[in-house]
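The domain 'Ig-like' annotation in TrEMBL covers 36-127, 144-219, 233-374, 379-473. What TrEMBL lists as domain 'Fibronectin type-III' is 480-579, 584-681, 686-779. Taken from TrEMBL, the feature signal peptide applies to 1-26.
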């Protein structure tokens, strides 16, 4: 495969050459070509068998470069136009002319092909719709007692599709029975149910059946409904009309029941009758009566001769023939008589209306029958729908009006692309003109893209129908592009190719490319492309600024002047190529740890910056006065620290460190150089001048002179009872290096305690001070007579400067159920590092204290009660300058007087 390096009009042409047996075949492919993408596909179609338009059109259209060629299949077999001249291809559309039911019913698919490939449409079924006429046989009358229920059976004729609508005619068309609480029509069977029959229900009923799919209606023979009123005397066996051969015997039976038993009499035109002759034809009545009344059963008897060998037929039509007004069919081109005697009239006109009588005669006798032919005005479309063009969301109107015979009822049926519109199911979008009458206007509300299509209005009466069609175009945002795929994968870019989707009747103005990677999971973001703006006629773009060695998916979104469409389906997942890492670890630091160790820490690189396999870190470090760097490798990509152990490392020595990342493709840049210190040694000095004093039976205070080493981080105070040698289970208190005193609590009354203090830092604890011994005070009587002191400290809620004072406020302490009631609060105001200071007592929940000039100050607040002092809450304030240490002191100050001015000028911390 070699590029021909031909550039014409901005297009690059590639040649694919295959050499076989010294023969080279080259195929040139234009870089802008693409495979077929369907813009229009076939849909299920129902073809009315009586349709005046004797053709079916199956749609198929695809956008492709080069243009696609089309083939069709019926029931998975290729359609050969040469073998069946009913088929014609118009573009990609398949037209079936004069369709035949047993040849053209089935499932059709369209196939579009070009040099880039083939796509197959969805299956679409073609079915023939029909609605046969009802049987011409007379329907039997339905007799029912008043007050009882009745069911009139519709028994619709053969039809397709199954969806029918049913109404019932009463006595004559177009009088339809109203539905109410007593009357119900099943839209499944068509049967009419009347819950309580009364005399007003008497009449002749016909089932009126409509098929919206094929725009046709038929109605049944009339069914007489006869309500029977009380009293009964009623018939248990009745007579019915019949025909019998001449000279034959015939028995009519009549039985009636009632109380008292009715008398039955026979009448034939009011007289007795003999054996059957032609003269015996007539109306017969069976009359039953008792004292409650009379009932009649009526029947007609016709005595006929067999007319199997007719010698002649004739038709009589008044005022049309010169001799005996007999129509001679030889002389009428438009009128034909069939072998069975039926009369056919071609191209009827209003002049053909009238009463027609058929005469039949043979050697056995004569017979005749009369009927009336009514001619109605043809239905015509007077206002046809016109093509409409709207934007999605707007409403559209399709006009339709028709003239029709005034004696007939008219209905309007609408279809879209051959499918009936269901106004009940799709009522949110489709609405009829509420005025009705001879107008069948269709209103389409809040149009959507799928409402585009061909709309057909059919004006339908019981005897004919006529149709007119128009196209509705709904414009909207573009459809999703198709066939998104990735080519030319590099470490930071890929080339994306797609096929344009439907523009929905508004040209595409631009495309937006989006991507998501393995790290963002479901979050799509706009990708950076080259060129930055992807024009609406483009079907390729280069996506840049990607992360190397990262799995990506891409999708494309089209935009036109009407909005932005739905995104395409995601492309297949691809992984960009590996590259040398470019991001270095951050926040380089460390120090501390155990003696003879150098701890180095950093913030790891995020996974999206690994850029390749085998990711890890290279740590470089050296003493600040040494030239060469020591290096170690850490292969764990999530590592956050490294500890270098070396017995020759001096304590608290300055080191320079830097870290960089590496992967299979190479090493990235170093981070900025940071300065850290090796681990400290434990403090070598012990605190001196340790002293303590008992404050109560359970508390004491201890203080000491701090050590001079700058590496000290704090002090640990241990204390235990001497008499029981409890050093192993001693109590401990830890304070920061800024403190040189602390309070010891939870001690036993009147007991000897040993106390020691030692300094500590990150490397461990230094040597202990000498043991200092104290005795706690004896327990006073009130210690046993009153509940214990409050166990919870006050909660400090504010510190506010007020001129030369600072206000400290706290929340009230609620004692527990077993604790003494709070009497007030003690506030100790002392210099930081000292154990004594000014002690205030107050019943309030705030206090103003003078601000000291120098050093840090500590305020301790505790509640007190008859059971003693409660737990302590502390707040610290800082001074401007450090002052010389003060000797310990302890004072009690009356809170009602101004405090002594020994502490001044302190600001809030």
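The backbone N, Cα and C atoms fix where each Cβ goes, glycine too.
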Most Cβ pairs under 8 Å with the domain 'Ig-like' (379-473), selected from 144-219, 480-579, 686-779: 144-219
Secondary structure content of the domain 'Ig-like' (144-219), with strand meaning DSSP E or B: 3 helix, 33 strand, 40 coil
Within the domain 'Fibronectin type-III' (584-681), residues counted as helix, strand or coil by DSSP: 3 helix, 49 strand, 46 coil
Counts by DSSP class (helix H/G/I, strand E/B, coil) across the domain 'Fibronectin type-III' (686-779): 3 helix, 50 strand, 41 coil
